[in-house]
Number of protein chains: 2
Amino acid sequence: MKPFVFFNAENVRIQLDDRSYDIQIGQNLLQGLSGDGAVPAGTAALVVTNETVQPLYGSRLVVALKQRYPVVHTVTLPDGEEHKNWQTLNLIFDALLQHGCDRKTVLFALGGGVVGDMAGFAAASYMRGVPFVQVPTTLLAQVDSSVGGKTAINHPLGKNMIGAFYQPQLVVCDLATLDTLPVRELSAGLAEIIKYGPIADMDFMGWLEEHMDSLLARDRTALAHAVRRSCEIKAWVVGQDEREAGLRAILNFGHTFGHAIEAGMGYGAWLHGEGVGAGMVMAAELSHRLGLVDDAFVARLKVLVQRAGLPLRGAVLDAADNAGRYLELMRVDKKAEAGEIRFVLIDGPGRACVRAAPDALVREVIDACCA
Amino acid sequence: MKPFVFFNAENVRIQLDDRSYDIQIGQNLLQGLSGDGAVPAGTAALVVTNETVQPLYGSRLVVALKQRYPVVHTVTLPDGEEHKNWQTLNLIFDALLQHGCDRKTVLFALGGGVVGDMAGFAAASYMRGVPFVQVPTTLLAQVDSSVGGKTAINHPLGKNMIGAFYQPQLVVCDLATLDTLPVRELSAGLAEIIKYGPIADMDFMGWLEEHMDSLLARDRTALAHAVRRSCEIKAWVVGQDEREAGLRAILNFGHTFGHAIEAGMGYGAWLHGEGVGAGMVMAAELSHRLGLVDDAFVARLKVLVQRAGLPLRGAVLDAADNAGRYLELMRVDKKAEAGEIRFVLIDGPGRACVRAAPDALVREVIDACCA
């Protein structure tokens, strides 16, 4: 196995010219945040969190921030993907305006991917842009959604359809916050970690096969490595293609099928990472049927997905024409062009590509892969 | 009088690195749009317009665009500043998603500032960014809101509070569309044109004094010059400070008081340009009381504002404590910092500055300048 390359012993750096920033990965980072020079200066801070995370970590963050900002406000959102909509986003704008927050107010997103996506979009849009810091408290957010500047809310007709590319000034991954993560969400985070193997680094996939039990037991050394390596790969990809003109789309491996499951089941029924888990198996199966990978590769991925506690099979979205419903939902995917679905496929282990596939073959895969 | 500097005989260029674009100014440009290489390519076009403009110019634009795009959709919004909110913005997202529009769909904003602001924010946010073209049909939009990349919607607690800096790929100012502009809106547009004199170019102010009658009579040669010179000055300012870190704020001369009038009266009661008209007089009066300009300058500006058909005096927003209400509304202005209002003032004719002023003096100005 090749040695892993670390950009920095402490931080992973996202290189994006004047929008570059650090991802800090470590234990008990929340407490030390106020003394950290990387935290942006401002006239006030607004902590955006949700009703689950607020009682666990809200006061720990607020106490730290009070040492750095003249005032610290908190807005607590309802928890869950089904609330990732305009109404909930507007709670953040209401709070900012009611408190008279100006352009130098720093937003802190304390929570999982939903909180990060909404706080990020609010930061991008409030007065046309205020600084923000991601403090992800779920494994999924630490390895994926809080890194790379994608922010968005859902529309009833499609996931993440309304948003902005907007980079945080800092990402703080405190591994201690993973102690309280429900096991189902731990598995959902592992889906986004597993993803980095097939698309970019089969050595990392081997490491995951060796250390899956440690990760499930929340061994902090194993978690630190998995988070760091995931962020490194994501940093490398995003650094080359910030606005998803090309390469960056490979990070959506498993997401085209996964988003269809999430939207088709109603947001919140399946966790995002669960959709990605089953979606990766479907995308790998499609890659295999297109002759890009052998069946041993698909089998190996399925074992890892299953060991992570993730669903292996997609949901049935329509009893009468399940494949038709998947295709309908996938045609509004953001990667689609003129109604043609663009799939992220595995073009040989450790290498991804983006391409179309014949509807008939996609239907075969859906029929074969849904429960 | 100094000769006017033109960047280009046909177009005014906004220089913003890879976000640079042209402003075309001329007659009957809508008809020729399809053959224009500057119009971005795409899989489809969506024309965003309103119920007033659609019957006048909608089909003219759609016919032209059908020669360039495989499909052309239209979404018609209700007319008026009071509709510049999330509900109306969502009509654009609904149309985009219902038509299955992808990332290569080009949005065309056909209308005034409200249509441009909403279509621009929709373009900035739909799938995190699609290309868009401004086709302003009001004088105000041609000289101000369609140029410079500011997009936004209003919040009940403040104007333009939610938005993005997002540049169009092209701005098409067809002077022929000004023929149908109501006279009240013509005056509102003149407010933003007059603005460029005091802040940047007193020669232009002299030209306006000479040609105000021609402008009110909609003489196309005079209008072409006024639009071009306004866009040139705006291009120069925006090119140096795209995201309003400093200099760009001078374009908001008259807007701090004006926004308070608009918000205090309820959006739509006063036109934006009417608020700017009275607001410029108030800002000039404050400049005078701070010793920055003499009273002859204030008197000269008042004559020009009045000749343009604009209100000279601010509205009474609160019979009991009018100045207090103005101050309250101005403290949520985007230029405010930690509750301190930042005024754009005239620091000598043709030169603007941004600074704070004592509350007591501001109260005096409001008391002296409101009807």
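Heads up, the Cβ atoms here are built off N, Cα and C, so glycines get one too.
Pulled from TrEMBL, these are the features on record:
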type    : residues                                                     : note
DOMAIN  : A:75-187                                                     : domain '3-dehydroquinate synthase N-terminal'
BINDING : A:79-84, A:113-117, A:137-138, A:LYS150, A:LYS159, A:177-180 : NAD(+) binding site
DOMAIN  : A:189-336                                                    : domain '3-dehydroquinate synthase C-terminal'
BINDING : A:GLU192, A:HIS255, A:HIS272                                 : Zn(2+) binding site
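What TrEMBL annotates, mapped onto the structure for a quick look.
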{"residue": "A:ASP79", "record": "NAD(+) binding site", "Cβ within 10 Å": "18"}
{"residue": "A:GLU82", "record": "NAD(+) binding site", "Cβ within 10 Å": "14"}
{"residue": "A:GLY113", "record": "NAD(+) binding site", "Cβ within 10 Å": "25"}
{"residue": "A:GLY116", "record": "NAD(+) binding site", "Cβ within 10 Å": "30"}
{"residue": "A:THR138", "record": "NAD(+) binding site", "Cβ within 10 Å": "28"}
{"residue": "A:THR177", "record": "NAD(+) binding site", "Cβ within 10 Å": "26"}
{"residue": "A:THR180", "record": "NAD(+) binding site", "Cβ within 10 Å": "13"}
{"residue": "A:GLU192", "record": "Zn(2+) binding site", "Cβ within 10 Å": "27"}
{"residue": "A:HIS255", "record": "Zn(2+) binding site", "Cβ within 10 Å": "26"}
{"residue": "A:HIS272", "record": "Zn(2+) binding site", "Cβ within 10 Å": "29"}
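Cα to Cα, A:GLU192 (Zn(2+) binding site) and A:THR138 (NAD(+) binding site) are separated by 12 Å.
In the three-state DSSP classification, A:HIS255 (Zn(2+) binding site) falls within a helix. Confidence across the domain '3-dehydroquinate synthase C-terminal' (A:189-336), taken as the mean pLDDT and rounded to a whole number, stands at 95.
Proximity to A:HIS272 (Zn(2+) binding site), judged by a C-alpha distance within 10 Å, picks out none of the binding-site residues A:GLY116, A:THR138, A:THR177, A:THR180. Highlighted in sequence order, A:LEU140, A:ASP144, A:SER145, A:ALA191, A:LYS195, A:ASN252, A:GLY254, A:GLY258, A:GLY273, A:GLY275, A:VAL276, A:GLY279 have their Cβ within 8 Å of the centre of the Cβ atoms of A:GLU192, A:HIS255, A:HIS272, the residues recorded for Zn(2+), and are not part of that set. Secondary structure from DSSP puts A:THR138 (NAD(+) binding site) in coil. DSSP places the residues of the domain '3-dehydroquinate synthase N-terminal' (A:75-187) in helix, strand and coil in these numbers: 47 helix, 35 strand, 31 coil. A:GLU82 (NAD(+) binding site) sits 18 Å from A:HIS255 (Zn(2+) binding site), counting Cα to Cα. Summarised by DSSP class, the composition of the domain '3-dehydroquinate synthase C-terminal' (A:189-336) is 105 helix, 1 strand, 42 coil.
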